[in-house]
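Asker: Found this in TrEMBL, in case it helps:
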DOMAIN    15-708  domain 'Alpha-(1->3)-arabinofuranosyltransferase N-terminal GT-C'
TRANSMEM  88-105  transmembrane segment
TRANSMEM  117-136  transmembrane segment
TRANSMEM  142-162  transmembrane segment
TRANSMEM  174-198  transmembrane segment
TRANSMEM  204-223  transmembrane segment
TRANSMEM  235-257  transmembrane segment
TRANSMEM  300-326  transmembrane segment
TRANSMEM  338-357  transmembrane segment
REGION    698-749  region 'Disordered'
COMPBIAS  731-743  compositional bias 'Polar residues'
TRANSMEM  1038-1058  transmembrane segment
TRANSMEM  1079-1097  transmembrane segment
TRANSMEM  1142-1161  transmembrane segment
TRANSMEM  1167-1190  transmembrane segment
Amino acid sequence: MTLSRRGWGLAGLLWLLLALAQEPGLTVADTKHDLTANPWGFLTQALSPWTDVFPLGQLQNQAYGYLFPQGLFFALLDPVPDWLTQRLWWALLLFLAFAGAVRLLEATGTGSRVSRLVAGVLFALGPRILTTLGAISSEAWTVALVPWIMLPVVRVLLPGPAHGPATRPTSRRLAAAGLGSAMVVLCLGAVNAVATLAAVVPAVLWWLAQGVFATAGGAGSAAEAAQRRRTAWRFAAWWVPGGVLACFWWVGPLLVLGRYSPPFTDYIEASGLTTHWFNLGEVLRGATSWTAFLSTERQAGFAVATEAVFVAATVAVALLGLAGLAGARGRMPFAGSWLVVLGVGLAVFGVAATPFSPVAEQVQGFLDGAGAPLRNLHKFDALVHLPLVAGVAHLLGGLTVPRDAASWRHPEKNRPVVVTTAVVLVVAAATAPAWSGRLVPQDGYRAVPSSWQQAADWLNDPAHGADDTRTMILPEARSARQTWGNTRDEPAQALLDVPWVVRDAVPLVPPEAIRGLDGLQREFAAEGASGANPALADALLQQGVGYLLVRTDLARAADTPGARVVLNTLTRSAAADGFTEVADFGGGDIRIFRVDGQVDGQADGQAGAGGPSGTRVVGAGDLEVTAGGPEVLPRLAAADAAAGHGPRDRILVQDVPDGLTGAAGPVGRTPETVTDTPALREHNYGNVTGAESDIRAADDARSTRNPVRDYPTGLADSDLTQVRERGGRVTASSSAADPTSLNGAEPYSGPSAAVDGVGETAWRPGTGSPVNQTLTLELDRPRSQMSLSARTPGSPLRVQVTTYLDDETVASTTTLVPGYREADTTVRPVVLPSGEADRVELRIVGSWGDAGLSEVTLTELDSGRDVTPRRDIVVPATDHTPRRWVLGQEVYEFEMRRTITVPGSGPVPVTVTSDRCAAGRQTVSTVDGVPVACGDRVLLDPGEHEVRSRDRWVSLDVQDSAAGGTGTDGGDRVVVTSTAVNPGRAAELEGTALAPVTVNGWQQGWVVPAGAAAGMSDTEIASAVDVRFTATDTYQRWLGVGLVGALVLLAAWLFAWWPGRRTPGERLEAEGPGGRVGPSGRVLVGAGMLALCAGIAGFPGVVVGAVTTALVVGVPAALRRLPERSAASRGVRALCRLTRPVALAMLLGGAGAVLMVRGPWGGDYAGYSWVTQLLFLGCVVATVCGATGGGRAGRS
């Protein structure tokens, strides 16, 4: 035994003290805010899959996974201070990780007592746990239990004594081992199913290597190998059923989630990001979690990822582990099995690493498609880290710590002192983020301010009616990061019992609902009275929002427009009449407003026509058929109000079901209103402000990596408003309109802005230096003798103009482009060098301020014709003339440009109105270049027409066209709810099943057929409709059966384990190191190593693998062929010492380590270098050669 009971107790106390030393008194944002704020309420909610309370109604994402053990732990300790409960959980996690690693190394006979303790510390405080413990400990928990899952597997498959027959494990022992390992799997929980899977893989690989595929060469005699194979299958007969019982309780809920949940994995991190740091240097040292490189709030993780001292320390630990595996202190016990685990781990990471792996593109495509749940491959880190710490334990097994003072006074004369000191320094540096108090993320808090509880209590009070509507939390924010602390989840989430909604990074609702939410959020950020929407209250009520909670405590890092602009809209703008402040808490920190608007023409401050939870009933014929996206609803509400019409529900063209009938007949798919939404844009899902690009062409290059360009609406790209290029193409190396720009996208600064004829807009380069950024004009055909004119939005700009023909340079010249701030504003065209050209490139070579290009114009000198490529923004045409076109710029463009198409064969008279007109001001708009005024009558001939405006929206109302809707409808009726659509929901009215329908682009509706509710009022219908989530019974029954299965597993394990828990003579450690790999095994190892090299680094990897193997194997072979005392033999002998597996591995790995330390992330990153990748690959190959006896392992 490595430690006595007293020693284990002392170890547990030390881990507890380490956890308590991390910012005592501060609660941090770890995994879920509810775990500390309201654990029992959270677990109660997790017993049902669907909740109407959470934003827009949603399936809870793997909330069931918290039921055991993490959620139960926090619930049982609910009376304890929140921060202390967190630290106790961390202490338990760290102790289990440490103890599990130590016990596993004991069982395999690896290392000495001291070296196993060192390895246990390195495992518990490895980069994986350091980067996740304080921020998402649920992932660290699964890593901590990996050794405990493996331990029973290792014990039952231990080889027999070196000089005696192998003992045949009893059935009871096998049952105890198999069910014991399954019990640990049960304790993994199911917060993340992939993390749970990743924790089991090392044990499965060990079972395969040591049991199922045991060979005489690796397991001793053929008889013992056969017995081990039989033992492995007998063990599996208990292990597999036990694993099924352990996982059964969460598999069913996971299937329900997968069946009915929106595809939110399309809108979160892409595989190009999650695999970005999968070079071998980072993989070996354990820094594979992408969040550590980007999230500065995770102090320990960011330090490990980016600071050179921690890069050096963690690489050193990895190299020590590889040296141990390579046999630096003699052959390591079970080296072959550890290599299998390590090899699979390297393959998992390596094949996804760009630019090194030849299959990385295909693997990343899989991870962005069918394999999306596996996208965060860093959860498989234990496959690499655990074998390496085992190697450290083996390497340090011979370490002797001098105990006499004289040795320490003269370390230069005592090698063990130097080695011990070096080991202590490496371990201390590698674990420094923990003992220096940086495990906790930044912005911890002592308590959630009482104002939040007071606000929640006010809303929860039934007297205020918030349970009959939905409360919107404003302003929007990527996450809840407040000035008083970071909770990540909304503080109100654990406090509210009434429906609420907030726009955060990625709401777990359908993409159409997110679009609708974004449309509302933009209305609150409209600056000043001229930008406010006077019908905003109506739009909110239409979408089920009856209260607004405005918080003023968000930190700037939360990615938010801020409370000031929201409060200005609610209290001082044209929209203010629709809102009444009803409460404030904390001296104005939290203010609550009631929404006073209209729904279906009725004043109703609580969201609907008499129904529960915002439910209302409308006639099917009263639904306005609209060509647009859900984000356009507030604009249409404003246009309705400006035209004197009341609020109206809408059904988008793509959502009109077959058979829907109004009083006047079937509801068709011909739109009454045509809008310019949805538009083809690129969206940065990581932001909530500045997240949308300018309107793009379908073949424009993308700057984001997600598989989906923008939140989809069910329409094809051809049905979206988009750029249509005319006369050629305009492209740019980057632009400030890209959603990946550091300060958010500026939609008026894209390539289109350079050629839109608007002096106030300009193409601006993206984040970084503008020098060498390019704007390229590709012509529709070669032209000669052209002149170029352009302006800059600020100071003059030095530009190199180069012409090309068929990708060959024709000529180049440099010019100074004047800026608008110059006294002389005359534009002087520059005559381009003679010669035909089909492409003109403008490259910025010098900038003195706001770099950009505006009003770029190419003119053909001979004809004087403007040959500049143009980018028109075209609204999809319709087959029939709509009642109106409503065009707008909720995403600010400075000047809106839209091309609409008038169908038919005759002219269509339209009347112009806009938001400025509604406010009593004059519109700033043109139709086909002709200025128009409010109320002007314009005759539009069939064909295309360009509308330009600096108003927020413009409506072209077709004259003599009555507004749709019948007022009283004798056809079908539609029950409209304030929750998002979901295929798992069903509704009945007095036993009659109702067909689902989508209203307003995202809201769940139900069709009540004509006559099905005869004699019932709308209020009675709304109250009588029974809506349910169809899979609730399945979900809850599965949890119940899973609980029974878990109890059966526990009872069976206790029954098998209890009688034999103190059986004398049970072997807990390996008796010997195990045999060497035989010739056939070496062939398999060689083939596997070759495949690994090819998968990780392609042909260069194969070359490095072959050369390294040749050095390790070929040099001693050459030495044997040379005369013993020849000069050549002496040279080869010297080379032989350098090509010992351990020496060569350390030589190559050390060179790679130097490059990594000199180029950490944040500077000239060495991880991008092929040299670094191949050096570490050679290090791994040399390690494999040493571990399998392919060279002279020996001491180095």
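For all residues, glycine too, the Cβ spot is worked out from N, Cα and C.
What does the local environment look like for each feature on the list?
Answerer: Sequence-distant neighbours of the transmembrane segment (117-136) (same chain, 6+ residues past either end, Cβ-Cβ under 8 Å): 2-3, 15, 22, 28-31, 90, 93-95, 97-102, 105, 111, 143-144, 147, 285-289, 291-292, 295, 297-301, 304-305, 314, 317, 378, 381-382, 385-386, 389-390, 392-393, 396, 423, 427, 430-431, 433-434, 439-441.
Sequence-distant contacts of the transmembrane segment (142-162) (same chain, at least 6 residues past either end, Cβ-Cβ under 8 Å): 93-94, 96-97, 100-101, 103-104, 107-108, 123-124, 128-129, 132, 169, 173-174, 176-178, 180-181, 184-185, 187-189, 192, 195-196, 198-200, 202-203, 206-207, 210-211, 214, 219-220, 224, 228, 231-232, 235, 239, 379, 381-382, 386, 1067-1068, 1070-1072, 1074.
For the transmembrane segment (300-326), same-chain residues at least 6 beyond its ends with a Cβ under 8 Å from one of its own Cβ atoms are 122, 127, 130-135, 277, 281, 284-287, 289, 291-293, 332, 335, 338-339, 342, 387-396, 426-427, 429-430, 432-434, 438-439, 1141-1142, 1145-1146, 1149-1150, 1152-1153, 1156-1158, 1160-1162, 1179-1180, 1182-1183, 1185-1187, 1193, 1196.
Non-local neighbours of the transmembrane segment (338-357) in the same chain are 201-202, 205-206, 208-209, 271-272, 275, 278-280, 283, 288, 325, 332, 363-364, 367, 377, 380-384, 386-388, 390-391, 1085, 1088-1089, 1092, 1095-1098, 1101, 1168, 1170, 1173, 1180, 1184, 1187-1188; each lies 6+ residues outside the stretch with a CB under 8 Å from one of its CB atoms.
Remote same-chain partners of the compositional bias 'Polar residues' (731-743), defined as residues 6 or more beyond its termini with a Cβ less than 8 Å from a stretch Cβ, comprise 682-684, 687, 690-694, 700-701, 703-704, 749-751, 753-754, 763-768, 772-776, 778.
Within the chain, the transmembrane segment (1079-1097) has long-range Cβ neighbours (under 8 A, six or more residues past its boundaries) at 215, 217-218, 280, 336, 339, 343, 346-347, 350-351, 353, 356-359, 1104-1106, 1109, 1170, 1173-1174, 1177, 1180-1181, 1184, 1188-1190.
With a cut-off of 8 Å between Cβ atoms, the residues of this chain six or more beyond the transmembrane segment (1142-1161) that come close are 277, 280-281, 285, 293, 305-308, 311-312, 315-316, 318-319, 322-323, 326-328, 1108, 1111-1112, 1167, 1169, 1171-1172, 1175-1176, 1178-1180, 1182-1183, 1186, 1193-1196.
Sequence-distant contacts of the transmembrane segment (1167-1190) (same chain, at least 6 residues past either end, Cβ-Cβ under 8 Å): 277, 279-282, 284, 319, 322-323, 325-328, 331-332, 335-336, 338-339, 343, 346, 355-356, 1076-1077, 1081-1082, 1085, 1089, 1092-1093, 1096-1097, 1100-1101, 1104-1105, 1107-1109, 1112-1113, 1140-1142, 1144-1146, 1148-1149, 1151-1152, 1155-1156, 1159, 1161.
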Asker: May I ask for the residues of the chain that lie six or more residues beyond the transmembrane segment (235-257) and have a Cβ under 8 Å from a Cβ within it?
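Answerer: Contacts with the transmembrane segment (235-257): 49, 59, 61-62, 64-65, 67, 153, 156-157, 169, 174-175, 177-179, 181-183, 185-186, 190, 193, 196, 200, 207, 211, 984, 1031, 1034-1035, 1038-1039, 1041-1043, 1045-1046, 1048-1049, 1052-1053.
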Asker: Which residue counts does DSSP give the compositional bias 'Polar residues' (731-743) for helix, strand and coil?
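Answerer: Helix/strand/coil tally for the compositional bias 'Polar residues' (731-743): 0 helix, 2 strand, 11 coil.
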